[in-house]
Each structure stands twice: as C-alpha cells, then as structure tokens.
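This report concerns only the one structure given below.
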Amino acid sequence: MVWCLADLRAYVLVLLVISGLYQGSDQLIPEKCGEDCTPGWDCHFNSYYKYIPNAKSWTDAEFYCQKLYPGAHLASIHSEDENDFLTEITFKNNSNYPVVWVGGSDCYKDRSFVWTDGSQWDYQKWRQWEPSNTGGREPCIDFNFVTPGLWNDEHCDQKFPFICKYTTPCRY
C-alpha cells in the first residue's frame, strides 16, 4: 500500500479522534505538560532530558537513549532557550568534562543535518568555522566543545557523555 502525506495525516487524525486526544484543534491534550517530571530527568516545557555520564560513541549513545525510555533519543535542540537549558544541565552534571553528544548528524548526506528523533532541523548554533569536517568526515554533533553552548561536528567514534530527550504532546 502506498501512502501519500494527506492520507497519512487523515489516518492519524482519525486515530486521535477515536482515542479522545483530539479536541477540535490541532493540539494534543497532555497529561500534565511538564508539571510532573519523571524522576531522574530534567524537565523543560514538555520535554524531558537525562544527562548520561558514561562516555559512548555517538551511535552507541543513540541506542542507549532508545532503550532508556520509550520515544527517547539523543537530544534535539530547537531554540536558544533549549540550547541554554542543555548548557545548564551539562555543567550541573559535569563541569570538568562538559562536551556531550546531541542527536544531530549529517550521516546520510554531508551538510544536510537531521535529528535522530525525526524532528525538524529549525535551529543551529555552531562554533565559528564549524561544521568543518576536520580530518575527514565528521558527521556527528557534539555540544560545548571548547565554548559552552556552541556546536561542533565530530567523528562519531569519539566517546563522550550524552543527553537523552523525550517529548510529550503538549498544549499551552
């Protein structure tokens, strides 16, 4: 069966109506919208973040996040506010080794970055001269490399701590 985007949207809308989540607008009704934070996670609006101190390669870190919590991935970043929040989490948990993996990469096509959670690439905050592909392809993104809050492209086999994220539907 071949689905076009309009068919898929209609199918999802039907499922939302049947499940009672759709209330006549484009918004989903959340359970609590970040008011109650999952123990051990840091909350910011309707997203939940967990700093993992164990250094892993980018790929192993992504798999770890997926196993940790349903719907979790390496963190995607969509605003200056969220970027600042992740900087705080990183330094709160480890001021000596602030470099962490986040979920961005251009593994599939050089300079076409995507997030592992499938969300839109709508924000970026690169260090000066980045992304650089220094020493060959550097398809994975680390955060806080040399300068707090700024991004760097890196070889994916490097081992760093990382931040996992999951997001719940929310209406404000």
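Note that the numbers count up from 1, one per residue, in the order the chain is shown.
From the backbone N, Cα and C atoms, a Cβ is placed for every residue, glycine too.
Owing to the predicted nature of the structure, the values given are computational and were not obtained by experimental measurement.
The disulfide bond recorded by Swiss-Prot for C164 reaches one of C43, C65, C107; that cysteine is C65. A distance of 14 Å separates the Cα atom of C164 (disulfide bond) from that of N93 (N-linked glycosylation site). A Cα-Cα distance of 16 Å separates C65 (disulfide bond) from C156 (disulfide bond). In the domain 'C-type lectin' (36-172), the DSSP tally of helix, strand and coil residues is 25 helix, 40 strand, 72 coil. Cβ packing within 10 Å was compared across the disulfide-bonded residues C65, C140, C156, C164, and the lowest neighbour count falls to C156. Across the structure, C156 (disulfide bond) and N93 (N-linked glycosylation site) place their CA atoms 22 angstrom apart.
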